[in-house]
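Novice: Pasting in a structure now, in structure tokens, and then I'll have a few things to ask.
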Amino acid sequence: MSSFTHFNEQGRAKMVDITHKEDTVRVAVAQTSVTVSREIYEKMTSNAIEKGDVLAVAQVAGVMAAKKTADLIPMCHPLMLKGVDIAFAWENDGEAHKLVITATVKTKGSTGVEMEALTAASVCALTVYDMCKALDKGMVIGPTYLVEKTGGKSGHYRRKTD
């Protein structure tokens, strides 16, 4: 079990010691989507959802989620984030209306921010679902994935596109 860094000698979970790692600028970009009905799309784009401005609330929820990642994911280190940005884009194809959510998280530190970016994107999507579920519970979230990460010993990663 010694090849897994999140396990101690007894095979129990531990938080990895990162004191020896060099501080570098770290950036992670994660993406997810929410596919919604035409009714939800029309109401969201005209800001007519009863609970309020869905994208504004989701954006704040995503930033908050990035900052709280270490409270949600047991082995994540609490990080001093330097920036969190949430972007939204619609992809419409006939009757399919997909809200693409992109979360970009930055820090300067000794561990990456991939989990923070993934958490931010996921909580944005969950917030959209929560605010729109009264209209249609058939919304589909995902897929959720890491698009890119830079910094650290493992270097640059960019997801291969389909």
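Note that Cβ sites are derived from N, Cα and C of the backbone, with glycine treated the same way.
So Swiss-Prot lists these for the protein:
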- Asp130: active site (ACT_SITE)
- Met75, Cys76, His77, Met115, Glu116: substrate binding site (BINDING)
Novice: Round to the nearest Å and give the CA-to-CA distance linking Met75 (substrate binding site) with Asp130 (active site).
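Specialist: The Cα atom of Met75 (substrate binding site) is 27 Å away from the Cα atom of Asp130 (active site).
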Novice: Between His77 (substrate binding site) and Asp130 (active site), find the distance joining the two CA atoms and give it rounded to the nearest Å.
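Specialist: So the Cα of Asp130 (active site) lies 28 Å away from that of His77 (substrate binding site).
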Novice: How big is the gap, in Å, between the Cα of Asp130 (active site) and that of Glu116 (substrate binding site), rounded to a whole number?
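Specialist: Between the alpha carbons of Asp130 (active site) and Glu116 (substrate binding site) there are 21 Å.
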Novice: Which site among Glu116, Asp130 has the most other CB atoms no more than 10 Å from its CB, taking these as recorded positions?
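Specialist: Output for this query is Glu116.
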Novice: What are the other residues, in sequence order, whose C-beta lies within 8 angstroms of the center of the C-beta atoms of Met75, Cys76, His77, Met115, Glu116 at the substrate site?
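Specialist: Once Met75, Cys76, His77, Met115, Glu116 are set aside, the remaining close residues are Thr69, Ala70, Ile73, Leu79, Thr111.
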Novice: For Cys76 (substrate binding site), what residues in its own chain, 6 or more apart in sequence, show a Cβ-Cβ distance under 8 Å?
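Specialist: Counting only residues 6 or more apart in sequence, the Cβ neighbours of Cys76 (substrate binding site) under 8 Å are Thr69, Ala70, Met115, Glu116.
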Novice: For His77 (substrate binding site), list the number of other Cβ atoms lying within 10 Å of its Cβ atom.
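Specialist: By my count, 15.
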